[in-house]
Amino acid sequence: MATFDRNDPQLAGTMFPTRIEANVFDLEIEGEIPRAINGSFFRNTPEPQVTTQPFHTFIDGDGLASAFHFEDGQVDFVSRWVCTPRFEAERSARKSLFGMYRNPFTDDPSVEGIDRTVANTSIITHHGKVLAAKEDGLPYELDPQTLETRGRYDYKGQVTSHTHTAHPKFDPQTGEMLLFGSAAKGERTLDMAYYIVDRYGKVTHETWFKQPYGAFMHDFAVTRNWSIFPIMPATNSLERLKAKQPIYMWEPERGSYIGVLPRRGQGKDIRWFRAPALWVFHVVNAWEEGNRILIDLMESEILPFPFPNSQNLPFDPSKAVPRLTRWEIDLNSGNDEMKRTQLHEYFAEMPIMDFRFALQDHRYAYMGVDDPRRPLAHQQAEKIFAYNSLGVWDNHRKDYELWFTGKMSAAQEPAFVPRSPDAPEGDGYLLSVVGRLDEDRSDLVILDTQCLAAGPVATVKLPFRLRAALHGCWQSKN
């Protein structure tokens, strides 16, 4: 029998498991769905299907994919488990068999050699495929309508990396997808693999290189001519794994390395810039101005997850606050330094943009924001996954426009839908799941980006609660 400790901070509030597979036809709607919204809003959520082990972490739950399917003003909802070999093994045993996060030395002997990924972090759509991905393994292909699992996906044998980022980048001009694999030859390796995939699913470029030290890597940045790889001091260690300790340790004395690689370059061509110890989970966008690379991203002083640190200091939440920041890398400089500028002080994460304008100087970005002037319905452990507001960042005004979700509500990562294929940048709608914590259920809100603070133009009402998701995407029917 599954049991979940409601006093566990990682199982509280928006993060309490729901474990619901559902197929809900014709959802209730308040307001009117804009005509532009025809397609699917995909999401991926970590959900523990069985009782968690004492040392569990939220980000290690099984993948539970979901989709809101929009057609002609009507909305249907579906959610399905991502049926990985790990999921199937634990379902058969009716108990947890896999141990600490990304540490195979803590697993039950019966699952030795089984793919450990839970494919729980993002949904990727490209070359007609819908993929559930997590960075510790290859993605799993899903049926675009039913979300039933079709199997592990290696691009028909073209991707030999053991791992695949949950945050590939897309070139709106060429239709290419760019991706990397970190610890690409296994958890204990420094190897990085980098691929470019054309719009038809063919790998057109591949190269490999080594990290300066073994590190947790979640996201990267791409411009027209460059790919940028941030290596930050959340380090991994074979010795720690064998000692059955957490895989990562925060080692600020190592500093950070920022690798800049020509977009179709070879691993030997990478140039390393340096920065102090810092952490970046998510990149907004990157572009070039002459010989400079500019990157907007969410930067914090330390890794926001409480892994051990080399100074044996307690976890400090005040240093784990992600803030919108701009990096500037001068490729003509004679040194390895870069410039970093904080753009705003508010806690903000899960950024997206109008991806039609990716890889160029953009004006708008969209994200979850904790407005300090408003009450929070969520707790410390839920930060990064839930927010009291949704925000539009304007690079011209250098400020946010915010919509407050409500005293007992919390928003999740948004998705952007343009008003029309040729609409100006940022002219469209934001979609976000909002947890109504006092009602134990969720809504999907639709906000007009031209008047965000006015509130939803339509609300899709679910009869149950959705757990805090990690990432999703919008896929138009066209």
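Our numbering is plain: 1 for the first residue shown, then up by one each step along the chain.
Backbone N, Cα and C atoms are what each Cβ position is placed from, and that goes for glycine too.
According to DSSP, His218 (Fe cation binding site) is assigned to coil rather than to any helix or strand. Same-chain residues at least 6 positions away in sequence with a Cβ under 8 Å from that of His218 (Fe cation binding site) are, in sequence order, Glu135, Thr165, Ala166, His167, Val280, Phe281, His282. Per Swiss-Prot, the feature Fe cation binding site maps to His167, His218, His282, His471; the stated evidence is similarity to another entry.
The record gives His167, His218, His282, His471 for Fe cation. Within 8 Å of the mean position of their Cβ atoms, the other Cβ atoms in that chain belong to Thr121, Ser122, Thr165, Ala166, Asp219, Phe281, Val283, Leu470. Neighbours of His471 (Fe cation binding site), defined as other CB atoms within 10 A of its CB across all chains, total 22. Other C-beta atoms found within 10 angstroms of the C-beta of His282 (Fe cation binding site) number 20, with every protein chain shown included.
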